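Peer 1: Copied straight from TrEMBL:
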type: TRANSMEM; residues: A:20-45; note: transmembrane segment
type: TRANSMEM; residues: A:57-75; note: transmembrane segment
type: TRANSMEM; residues: A:81-98; note: transmembrane segment
type: TRANSMEM; residues: A:143-163; note: transmembrane segment
type: TRANSMEM; residues: A:169-186; note: transmembrane segment
type: TRANSMEM; residues: A:193-211; note: transmembrane segment
type: TRANSMEM; residues: A:280-301; note: transmembrane segment
type: TRANSMEM; residues: A:313-337; note: transmembrane segment
type: TRANSMEM; residues: A:343-369; note: transmembrane segment
Amino acid sequence: MSMLDRQPRATAPLLLDRIWQINWLLVLLLSAIAGVGFAMLYSAAGGSFQPWAEKQMLRFAFGLTGMILVALVDLRIWLRLAYVIYGLALVLLIGVEIRGEIGMGAQRWIDFGFIQLQPSEIMKIALVLALARYFHGLDMDEIGRPLMLLVPIALVFAPAVLVLKQPDLGTAIMLIAGGGAMFFIAGVRLWKFAAVLAFAAATLPIAWELLRDYQKKRVYTFLNPEADPLGAGYHIIQSKIALGSGGLFGKGYLQGSQTHLNFLPEKQTDFIFTMLAEEWGLVGGLALLGLYALVILYGFLIALRSRNQFGRLLALGVTSTLFLYAFINSGMVMGLMPVVGVPLALVSFGGTAMLTVLFGMGLVMGVYVHRDLELNRQGEVGTD
Amino acid sequence: MRQQRTQARTFTRRALLLGGGQAVLFAALGARLYYLQVVEAGRYTMLADENRINLRLLPPPRGRVVDRYGEPLAVNGENYRLVLIPEQVGDLEKALDIIDRIAPLGEVDRRRVLREARRKRGFVPILVRGNLTWDEVARIEVNANDLPGVAIDLGLTRQYPQGAVMGHVVGYVSAVAEHELTGDPVLELPDFRIGKNGVERHREMALRGTAGASEVEVNAYGRIIRELGRQEGRPGEEVVLTVDLGLQRYVDQRLAQEESAAAVVMDVHTGEVVALVSSPGFDPNLFANGISTQQWNDLRQNPRGPLANKAVAGQYAPGSTFKMVVAVAGLETRAITTDQRIHCPGHFELGEQRFHCWKRSGHGPMNMHEAMKQSCDVYFYELARRVGIDRLAPMCRRFGLGESSEIGLPGERSGLIPSREWKQAARKASWVHGDTILTGIGQGFVLTTPLQLAVMTARLVNGGRAVMPRLTRAAVMRENQPAVRRDLFPSLGISAHALAAVRDGMSAVVNEQGGTAYAIRVRDPDMAIGGKTGTAQVRRITMAERERGVRRNDELAWRERDHALFVGYGPVEAPRYAVSVVVEHGGGGSSIAGPIARDILVETMRRDPARMVPPSRIMAGRPDGRS
């Protein structure tokens, strides 16, 4: 069978083959993570499916179906659509930017009636797609040429600057870090990263000036949350209290006193991990982190198995994005990182992030399904 | 192909590096989680409980203050207040309209409620109106169905049903000032009141009781979710005063006929003060309910000094009422015998100085009996000279002069008994003989309070015992307290002979023809009184006046008049009560203070508690008054 087939393929597998190649274990892992989310949203509502858990379950069911469909689509189609998707995402971002200006403030959503889309979330995957396509089209010599890096750098910074203007520091960090990971695995020389880091360090004071006051305050608060316990430091202090008081085994499901007494705001979105750790303790927290680690590990294995550079880059890019979701969010609620708005993938209440992650995971699965496909630099099957 | 293999190898290497990095970061997350949830779990658990568990104080009801017969002097009035909880009310404007029809609201109150409703969180009750009448309470209860979220709240406010009559004795409560915070959390409650004057202040700790506490779980907004535990407090104790309200009223009315006066009536054996009046007084209700600036200024600027308790804080030259102590000192130091005569030519000469007797023509030869009866100044000039200030001053102290009685009323002054050392220290001058001479008739530097004069009189007529005045009987606890045996006050060590001579003289003042107070004698032998008049020259402004600091021109005439004093006791045969009366700028002691003191003593004897036994549970406490 295909599992043992080490010969490169010239053609895409048949549809039935593709369904057979879906990583059902991965689907199970993702469902387990989402299941934790449902349980926490049920608890956050004080033991009720309303208003969050039920909606989230519907979205997941929708997203899961979508994920499988995405996995079945011929990888070459995604390769061909990569720039188009990126372009659309960028247009949407610019769209909210304009609407945001009109609306006098931060606006991150576009209302399509049936769903409110958050273009910055979509961009997280669109960027991975675009970079995967770009680096797929370069050979090792070309990657060595600094001029060839101008385009992908522009691909990263255009949306990063836009979301920073929204302002959404968390997403900007994710775009840059995710893009950086793509550069790294594509084979850009390490000294170039060092150079960029040095440049970033040098321009840090300028960047600092560009930050909004509340963003600066967040950084100050991160450095010393106790200085403003009722203001900006409130979230992080309350989060640590709730988390720490959970102890080894937690206070019991639906028994989290800090979250249920509303000491912790946004418990259903960015701070849902705190609630989990309060109610289920260290055991629960590590279990969820373990589930993410397994999914990420799965993503790495799929990437390593892919015979085409596009699939490798795409799988690792999406996987790294998922890693960033989990790491930034849980690092933030544990006081390891500044409070930035990054949801906990699949667990936090929120539609676009869930659909984004599932779409991304669909692509990863698609990479596995088409792992033996050999693509030339133009994205055509065959050899150079 | 080779290109692709290189690419794949590079990719694999980089992917492993990236995966390693991610693994390290994930491990860091796990370590952080372990640190927070295991290493620091205890600290955060404590913080979490501090977060959610709140101690609500249950303030204790303040103890009542009653007179010796149980008449209420300070009580907790029930104040029915209308409160509403905005989030339960719905349409606030409409609710206020309905309320307005039942319990009329001013436009000011209405605007305040709307303002508070905007500012506060929805579940915080807002006070709509206080002091509801029973009628209004009933009508609101009837309409309760139309008024969701509106409730009647019972608050306790201190009330003083006797008003100004007991103002100086009972004092008042008011809000806790910053410097009065002791760390007792009950003091920080917004509605809490503590004693600021009189017995309310002196017996604060007994009256206050101890607060209970209710342990409640609250959410992040402070809303109470449930009660976890409760600890009952102890209500304040009832404080029983020695004062007889009926007598106090009588004295107050009697003094009210004068511009400004003070009187103290006490039991010469027990020290119980049965009446203590400083007139004019003030209504303590004003302070308990919050006084307006206008009212406060009126009280403060009143030249009659209604805020000063003149009975304990007014310091006056005792004048001739001081002569008994000089007589006792003379007899005890053997400077004179009762029969020895001193000639009064109408003046007394000391070197170049000449001191006049009030009777310019002179009294002629005077023995002690006659000298007291007629209040001969020359006799006492000479007697003081013979005794000397160094022997006179200690004798004064034995009678309680120049010392605080520690009766427990704020502002009590200790008066002044001058001595060589005092003059050197305070006036930077040596004591001269003339000072001693003037002291002999209660002038010069001597200052006494009406309370001290009453104590002095009591000690003179009770057989020479060091009676101490006191205002409160044993505080009656909720449980019956075991009776405390009444201890006798220690003897002052004055000879019976000297005390008899003084009593004889004081009786003569009132009851013998030619006595300075013969006009006020009581013919009923059971109620016959003795006493001593006094007229204190107002050459200096008294300390009490100086405190008030106002000297208005249109009052100069009144201001310049002498203080009229009288100290007395009764019945003559078996002294039971002592009285002192000071009428500021009243003129002559015999004509003004005497009749008042006489009336008070007669009324006191008429109301003798021997005929009205106090409640058996109330037993006399220890003589120092700190039962």
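Cβ coordinates come from backbone N, Cα and C, glycine included.
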Peer 1: Give the one range among A:20-45, A:169-186, A:280-301 whose Cβ atoms make the most pairs under 8 Å with those of the transmembrane segment (A:343-369).
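Peer 2: Checked against A:20-45, A:169-186, A:280-301; highest Cβ contact count belongs to A:20-45.
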Peer 1: Which stretch, A:57-75, A:81-98, A:193-211, A:280-301, A:313-337, tops the Cβ pairs under 8 Å count with the transmembrane segment (A:169-186)?
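Peer 2: Result: A:313-337.
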Peer 1: With the transmembrane segment (A:313-337) as the reference, find which of A:20-45, A:57-75, A:143-163, A:280-301 contributes the most Cβ pairs under 8 Å.
Peer 2: A:280-301
Peer 1: Please figure out which one of A:20-45, A:143-163, A:193-211 racks up the most CB pairs under 8 Å against the transmembrane segment (A:280-301).
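Peer 2: Answer is A:20-45, with the largest number of Cβ pairs below 8 Å.
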Peer 1: Taking a Cβ cut-off under 8 Å, which residues six or more beyond the ends of the transmembrane segment (A:193-211) line up next to it in the same chain?
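Peer 2: Cβ under 8 Å, 6 or more out: 164, 169, 180, 183-184, 219.
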